[in-house]
There are 6 protein chains.
Amino acid sequence: MRPNERALNQPRPIKITRHYTKHAEGSVLVEFGDTKVICTATVEETVPRFLKGQNKGWVTAEYGMLPRSTHSRMQRESAKGKQSGRTMEIQRLIARSLRAVVDLTVLGERSITLDCDVIQADGGTRTAAITGSCVALIDAVNELIKNGTLLKNPIKGLVAAVSVGIVNGESVCDLEYVEDSSAETDMNVVMTDDGRMVEVQGTAEGEPFSHEELLQLLDLAKQGCEQIFQAQRNALAQ
Amino acid sequence: MRPNERALNQPRPIKITRHYTKHAEGSVLVEFGDTKVICTATVEETVPRFLKGQNKGWVTAEYGMLPRSTHSRMQRESAKGKQSGRTMEIQRLIARSLRAVVDLTVLGERSITLDCDVIQADGGTRTAAITGSCVALIDAVNELIKNGTLLKNPIKGLVAAVSVGIVNGESVCDLEYVEDSSAETDMNVVMTDDGRMVEVQGTAEGEPFSHEELLQLLDLAKQGCEQIFQAQRNALAQ
Amino acid sequence: MRPNERALNQPRPIKITRHYTKHAEGSVLVEFGDTKVICTATVEETVPRFLKGQNKGWVTAEYGMLPRSTHSRMQRESAKGKQSGRTMEIQRLIARSLRAVVDLTVLGERSITLDCDVIQADGGTRTAAITGSCVALIDAVNELIKNGTLLKNPIKGLVAAVSVGIVNGESVCDLEYVEDSSAETDMNVVMTDDGRMVEVQGTAEGEPFSHEELLQLLDLAKQGCEQIFQAQRNALAQ
Amino acid sequence: MRPNERALNQPRPIKITRHYTKHAEGSVLVEFGDTKVICTATVEETVPRFLKGQNKGWVTAEYGMLPRSTHSRMQRESAKGKQSGRTMEIQRLIARSLRAVVDLTVLGERSITLDCDVIQADGGTRTAAITGSCVALIDAVNELIKNGTLLKNPIKGLVAAVSVGIVNGESVCDLEYVEDSSAETDMNVVMTDDGRMVEVQGTAEGEPFSHEELLQLLDLAKQGCEQIFQAQRNALAQ
Amino acid sequence: MRPNERALNQPRPIKITRHYTKHAEGSVLVEFGDTKVICTATVEETVPRFLKGQNKGWVTAEYGMLPRSTHSRMQRESAKGKQSGRTMEIQRLIARSLRAVVDLTVLGERSITLDCDVIQADGGTRTAAITGSCVALIDAVNELIKNGTLLKNPIKGLVAAVSVGIVNGESVCDLEYVEDSSAETDMNVVMTDDGRMVEVQGTAEGEPFSHEELLQLLDLAKQGCEQIFQAQRNALAQ
Amino acid sequence: MRPNERALNQPRPIKITRHYTKHAEGSVLVEFGDTKVICTATVEETVPRFLKGQNKGWVTAEYGMLPRSTHSRMQRESAKGKQSGRTMEIQRLIARSLRAVVDLTVLGERSITLDCDVIQADGGTRTAAITGSCVALIDAVNELIKNGTLLKNPIKGLVAAVSVGIVNGESVCDLEYVEDSSAETDMNVVMTDDGRMVEVQGTAEGEPFSHEELLQLLDLAKQGCEQIFQAQRNALAQ
């Protein structure tokens, strides 16, 4: 049995709270069960040097975990003086995922930075971060439209992510920490709401996985993302 | 008039939420008006090298701000590769303040780390952090007593902090951001609940301040801290 | 037409030169067309702290590019003072891939470090690095067996990797730089020689990719890896 | 009895040597007993980015200790690769203290940097540094007036600092190292020569301090600063 | 007897392979016996800030060793986060040596960077690097002449380097690792092909050396450089 | 004519003040004309890891410049977060030079660290640092002998250093800044008082130098060092 008697294809309860903090153009608290991430979107009227003068915008992301968001305390990355490889990998993934749903030419020469800060971790922090950031990004863009800065909407659709994996020989959707730490295979899938994929990252932690297992996991991911898109739509409708 | 029609000696509404996140031994969300700080207390069965073998414990603190906790986005300190002077100053202040109410010999050869992470800033983040950390620390220590690790309580009393300052020629208590940014003098006072002081840090931002002004500010700080001790007691009583 | 008139499913010529430098326990120059990577395996009779006393070994990897291995010169990472996110991502991938074919318990309390240094880059450096490292690792392990340090072979099979992608709407195998830089989707697949997968990392650079496209790419990757395994076997047979 | 039979309210002999090194616009060796600090003032015709175009100048400070200025050797901060929290705290304090006596608008769009390097430490290095820097700053400004760069004097008065504290239950002025290391309360007071305060930083090292104790310490600080102002005036008169 | 039965004044076999990698403007593999260094020359149409607007060019160098170019693995400098003192010393030496044969005014406002990466070390890596870099530099400059960027040749001659030393009381030329590690005196000499010297760096590892010993070493260095110049000329003639 | 009407072979006035600061086991202010360096020797009862258990001691050195020891202010290395290549080169040179006159076996398993801090620079800071460090080292060792820690003297002789160079076609001894900055060739020579050499580092800044010029410079260095040894002997005799 899965923890909390979840079905194999059932994601944890998804909760998306908009306008969570007051300064950011978009600010969302996203919860995948006990995993809680604050996602803020900051708009700046500037682009990185490599894009200057190209009439295109940029979307980037940064990721961090509060030191005691985890079971045992992790060292603070600012005190260590550098970000870990895992942090860099995740923030690059978040940024690529969001750029998949933004028409950067329509955005114009400005940047949107998504800051994803994990305040409580229980597995799936990167998929929660992508899911919440999408809503924060849309809030920030809508603000630009409302105040007349943007005349056209650069958002091409929703993007969401879920982890799937093989745990004790069973394929399951949206792994929480106790599942994640004993998974044989772990896969993160990022999808757009037209059913296509932006990222697929599957890793065999123990035994390699077969083609059939991969297909099963992709199917579970599709089912999970559909529920997550619905949670995003509900939040945006409020 | 002060923002929100506050009286000169009136702190903002203080809210202390215990057990805010689930992993830490103590976890508090403290709010001084719109300033919101997560304070967690982590117990580790080890002490820094300079204390090894002395049968004494240690209490330390780290402080950080989410990049978009502020009006405009600040660069993430882990990405910059170092903590600012301001961050170091504040975390040293928090740690000293809390050590003032802990009998380190009774604590025994173990450490408690307070992580103070600002999720929304509106002035007074360091005083909120000290105030919230005190409650998180007490929760962590009570846990050690409850599970039999500690036989005696090392906590000697409550510690709380408030900022006071001179704004437009008037002495006021618990400055919020708009006041803080135009204050002529800014002072942080850390007190114990027996009315004595642990830290006094007064800074003239513009004109130097006189002995009389200093006395006025100390008086306001004392009044403010009394209300904050009451908020701590209420939270701990729940 | 592809550059060099390659068929869509045809990898570049693979060349594996063993014993390339003289000090390392395993040392391989691997070439995927014009991409050239030196892979060395270093055996050390120690394990990282988190594995001490567990009677298990460790396999890790580091990756670097000579500053002028690329079209325009890149800044030297040692001069910049830190490794980029891309570097960290790649070296973590290489290490995970190799651990998939090593029984760490049989290896015993020792470490093998794979250093992968790109001396000329033309796309696919990480897949070449995994492929060459596998051979260097086997040479190092065989040395341990030959000198009596290991009584049993910890190597469970071969591991190889290839990139596949969608370029101008066509799915192709083993992208070189000009293809890679214009690919719509880019995927790295790491396989073991029993046909199973260790890592799948697919990224939509432009449009998201469909389930059918993913299946096509996986099929091309399988074909490519088969040829690469053959090149590894040939090299090891010499 | 205090070391060297000093009275409770008596600072150590203060010695200020101007023109100590030859390159700087202002260069002072300041001695508070055995504490010796070289303070140099450097004028640069530029301001930090955040002040550009505002017709205002800037005064900043840096602080360092020679590795063997102390009883046992400290690690060199340039070798460690970062400045400690204590160093940053002190250099921020020195800079704020000096800005209190400079009219930055009169200074015009230029910067003055005070470098305070401790060559021998015996307690009170930060208060000596503030005191010596004030004289170095005035020398540098007088140079600007003499060569016609400045038509009006931006200096508003003298600034000096002294430490006071409670040692063995007695309030004393200008603590030397043996006193400082056993003080129950330690306070640094920065004053202008009109008797007002720029900074008050009091810290309870052991027991918290009472309002009455604070008043006593402030009184001692005032007496001490008066003698230090006299030493500054004597030095400037030569 | 010396290893490989070399005569006291005989350098190891020198091999210079031009056009070793394909992207750089100049690319050389230089071998002094088992010491192998890749030297690439990169031309950039910019100069460091301190030379801007002076109608002069710049030649600089960077040096690195692959982690397992040596007998036991060295930590990767990019992972450590800084270059060692030895690395900095060597790359400054290489750059100064090459600037000795370039007329920077004729080069014009552009930079040439020599990257010297040791892939196998057996003593004398810095002298090999200088020798190989000279050829890579000439190839890069000839390219600039050929494509019309330069109308006049800024190269004033050849520069080469050799190590000499006292080993077991005997003066020898071009020390390999086993000699180098037991040398009493070690000296690197950089010469131009008109017989003059650019750098002489002699170090007593054990006993100080006498004036007569110094003269002997200089004589051996002269003989060695003559053979190395011949190897450079042969390579350039191909 | 040379500045201050010095003869070509005449070093600047050398002044060595012992017991300059009070905490260090050896503490010297050395002056070569206007170049002033504080050299302290610190004894620690420990050796670096690579020497543990070998019954041998170690001598090391660190070098720094106060930011305004120079004509224009240099950035503080602790603020930049790293030591420059020049700094590392110099401190390695100082340490090697001093080890040449210490019998490390007689010193026993302890370390002596020489800290050389330039308070005023006017050319020749590294040669002054070596010269002054030798005296500080001897003072520290004599202290160890006096207090019975050492039964035998590990000091084998004096070591001193001087710069020589070719300025406007003339060979001169002990260059000051205005000479140094226009020298065609610059050479630092470190000698022991038996007339032998520990280090010779000659660099052509402009034209390469001939064998004859090298011999002239060595002769000048020998003459200069003799006077410096005399200054060391005089200081030690006081």
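Cβ atoms are placed via backbone N, Cα and C, with glycine included.
Here TrEMBL flags F:R86, F:G124, F:T125, F:R126 as phosphate binding site. Every protein chain shown contributes to the tally, and the Cβ of F:R126 (phosphate binding site) ends up with 24 other Cβ atoms within 10 Å.
Summarising the annotation, TrEMBL assigns domain 'Exoribonuclease phosphorolytic' to F:11-140 (among others).
Residues annotated as domain 'Exoribonuclease phosphorolytic' in TrEMBL: F:157-224 (among others). DSSP places the residues of the domain 'Exoribonuclease phosphorolytic' (F:157-224) in helix, strand and coil in these numbers: 18 helix, 32 strand, 18 coil.
Residues F:R86, F:G124, F:T125, F:R126, recorded as contacting phosphate, have a largest CA-CA distance of 13 Å.
Mapped onto DSSP classes, the domain 'Exoribonuclease phosphorolytic' (F:11-140) shows 42 helix, 41 strand, 47 coil. The phosphate site is set by F:R86, F:G124, F:T125, F:R126; from the centre of their CB atoms, other residues of the chain with a CB within 8 Å are F:Y63, F:I90, F:V118, F:A121, F:G123, F:T127, F:A128, F:A129. Proximity of F:G124 (phosphate binding site) to non-local residues of its own chain (separation of 6 or more, Cβ distance below 8 Å) is seen for F:R12, F:F32, F:T35, F:V162, F:S163, F:D174, F:L175, F:E176, F:D180, given in sequence order. Taking Cβ-Cβ distances under 8 Å and a sequence gap of 6 or more within the same chain, the neighbours of F:T125 (phosphate binding site) are F:T35, F:V37, F:M65, F:I90, F:V118. Take the CB of F:R86 (phosphate binding site) and look out to 10 A: across all protein chains shown you find 14 other CB atoms. Within the model, the domain 'Exoribonuclease phosphorolytic' (F:11-140) carries an average pLDDT of 97.
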